[in-house]
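Let me begin by presenting the structure, written as structure tokens, before commenting on it.
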Amino acid sequence: MLKFIKSIFKTPSDRIIANLKSKIQQVHSAESSLAKLSNIELRNKTNEFKARLANNEPIDNIQYEAFAVVREAAKRTIGIQHYDEQLIGGILLHQGKVIEMSTGEGKTLVATLPSYLNALIGKGVHVVTVNDYLAQRDSDWMGTIHRFLDITVGCITSNTNEHARKIAYNSDITYITNNELGFDFLRDNMQFTNQSKVQRGCNYAIIDEIDSILIDEARTPLIISGPVSDNTSLYPIINKLITKLNKDDYEMDEKLRNVTLTDSGINKLETMLAEINILAPNSNSLYDFENMHLIHYINQSLKAHTLFRRNVDYLVKNGKVIIIDEFTGRTMDSRRYSEGLHQALEAKEKVEIQNENQTLASITFQNYFRMYTKLSGMTGTAMTEATELKEIYDLDVVTVPTHNPVQRIDYNDEIYSTKKDKYSAIIQLIQECYSKGQPVLVGTVSIEKSEELSKLLHSKKIPHNVLNAKHHDKEASIIAQAGRIKAITIATNMAGRGTDIMLGGNAEMLVDQSNLTEEEYQEKLKITKMQIEQEKEQVINAGGLFVIGTERHESRRIDNQLRGRCGRQGDPGQTKFFLSLEDDLMRIFASDRVTKILRTIGLKDGEAIHHPLINRSLATAQQKIEAQNYEIRKNLLKYDNVMNDQRKVIYEQRNEAISSDNVNEILHNLTEELIVETVHKFIPPKSYKEDWNIHELLKEYHHIFNVKLQPASIEATSSSSEVIEYLTKTALDIYKQQEQDYSAKSANEAIKHIFIKTLDQTWKEHLYTLDHLKQGISLRAYGQKDPLNEYKREAFDLFKQMLLHLKYLFIQRVARLHIDLASSPKSTSSLLETSDNNLKGKIITENSMAHKYFGKISRNQLCPCNSGKKFKHCHGALK
């Protein structure tokens, strides 16, 4: 019935595809004449296209001809020709859409079409992948086509040095991971010269596995941080106390991933803290003001012990706690949990505790990728997230039909009462498949589960491979051979995604080329391919690849991705999920009513059940979790949008200063603004002269400009505007004197450097303040206030304060500028290094100036600059 209804009422994707099929003929028509061209003549088509675009011909006018050129080049270079469905995918990508193409349908090849076409403009194309292996593989493989057509290709991985990065970004097409792309953007906005930057803007990006990058990773912002000198000695002490608590001492909510102490837990901790003299003197309550800082350590340690599991949420490797990505199952070596949670985990695992970090720069993938002029992407599973992709990124999703009909069989779920029964059934099915030579891919949700299943297979003496975050270096080679006869592969979540599982195996990966001549390699490859073809027939006869899911994921999309690992390009395949009432999804999210019904039915040991009610309950649970995660991502975006608007202002000012040959305009404008604000503070406009606070005005002016003026000079004026004019002229005279002392060029370079350093310092402090504001803002809801509106309002006020503080510090530093030109024969620009250590002796640092001009001040006193901050966090900050 459903198929009949679908045949009558076409989906939006069906209508779009039907419209594009007629346009594919234009590609075929253009291609007929290209086959006769020599390689050089075909390559020259690139120059022809560039010339036509330079003459303002619309890019869409050359689209089909350009696609035909790429198709012909692919046939001549890698021996593969785009089929019609891939051409349709290429058109949709060029239109800035997300295409859903099944596994094995050649998404990598599809991307060559729009990437070539858009590279002709000369502004760069970024082909974004999820890991270094895929970026390098696609660059080498697909780059052959582009280089043949005289299009430059670059590749950036985590090991690429700065010089090579710049060359790669300046290439026509750059293959790169999403993390490298985002971090390079942040790093570029921390550089001191345009020459030090590596990127050249955001023109057009094609994102492979777009759902993984824009949906799964959207909750985790990219952060560049630096260590702060917080004391970490409390973490192991608190950790030891937390281990002495029992389950009655805290309440845990696994749905919300939250844990709180009960009264008994608080009482126990207060007693233990008092015994080891951690509580403040004359205090016996954890919630006394003097002890409030301990709550942070306790909460994080409690989370570490109750909500975070080793080999599920993180693993310990080489004495370090490394986060495991919950969606990909891969390790995130360069990332750390914030707010002391990572330190709590390090204390729990008894490894070296590293200092907490302070954010220096951050951005979410949501805001980063929205900077691109044009954005498109491809994946095997996007329709379940079509609403989010449209609402947040304004991207439409279109399903591209498969080249061959799908022959995969998806069996109903089997549900068992216990995990033990479930694993027994899985092992039995694996044994059956193994005995007839059918390859099996088993998907697990964590390292812990994959190793548990591996032990069971070892006990049955069934040979197998395990692919998880501990063995990620072998990922591509293991997954590529998962389609061989009797191959049993256990993989976490999305491990190996992006690498096709070929029935019979992958010949190129089986033949080691390192010790062979080209002739020997080709001969061995030919023999291996023949063997694989024979093996493929045996695998097909056995039923193709059998994919087993050991439990349902929180997201339906992840389940669909696992199913999609088999049945590529019309190959046969089978999938089945095995569940138990002890699975996290069933235990935490499935309704109590369903569990009660199953208990009432009374499942016997080893007995499975197929029940529509349970399937509906699971689907409902998954939809609820997906909706909850979507709300989290939307909420994160709302908060990040506040910071993003401020980030744009700061980065714009920074780039303007870096690009400027003369920063005098910035200096003079800020000086005039500050003097107006300062004068109006002590001499309000239209006020009587006897109300003027001349003494405090001159005291403030001295703090800023290091110039002592006599009261008579102000008393001689008749209005606040005259005072402003006089004080502004005095300040500008200081700057003129600096130009005479050091030359205009030297002074300009020094002032530019001071502005950028001061901007970076105040922005870093502002990010720190915003982090703390965000942590506690949700509590405003208890006061009947909208936390988001409160955050927007306070963040804006803080931003205004930051800009005022920036102005004050910058002008104060410039007024005290001293360049020691005699210390080195180098140019002034070479004297102005980015590090504070190199800065000392060249430009007087803020810390030394603060003590010189403010006198002896306690570090905990308010700073005399009127910023409202403590002296130690302002002019007395340690450099």
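Every residue gets a Cβ built from N, Cα and C, even glycine.
Of the listed candidates (GLN86, GLN95, GLN513), Swiss-Prot assigns GLN86 to the same ATP site as GLY104, GLU105, GLY106, LYS107, THR108, ASP500.
Residues GLN86, GLY104, GLU105, GLY106, LYS107, THR108, ASP500 make up the record's ATP site, and a Cβ search at 8 Å around their centroid adds MET101, THR103, LEU109, VAL110 from the same chain. Under a cutoff of 8 A between CB atoms, and with a sequence separation of 6+ in the same chain, the neighbours of THR108 (ATP binding site) are ASP138, TRP141, MET142, ASP208. Long-range neighbours of GLN86 (ATP binding site) (same chain, six or more residues apart, CB within less than 8 Å of its CB): GLU105, GLY106, LEU109, VAL110, LEU113, HIS403. Sequence-distant contacts (6 or more apart, same chain, Cβ under 8 Å) of ASP500 (ATP binding site) comprise THR103, GLY104, ALA480, ASN506, ARG568. Around LYS107 (ATP binding site), the same-chain residues at least 6 positions away in sequence with a Cβ under 8 Å from its Cβ are GLY89, ILE99, MET101, ASP208, MET378, THR379, GLY380.
GLU105 (ATP binding site): 25 other CB atoms within 10 A of its CB, across all protein chains.
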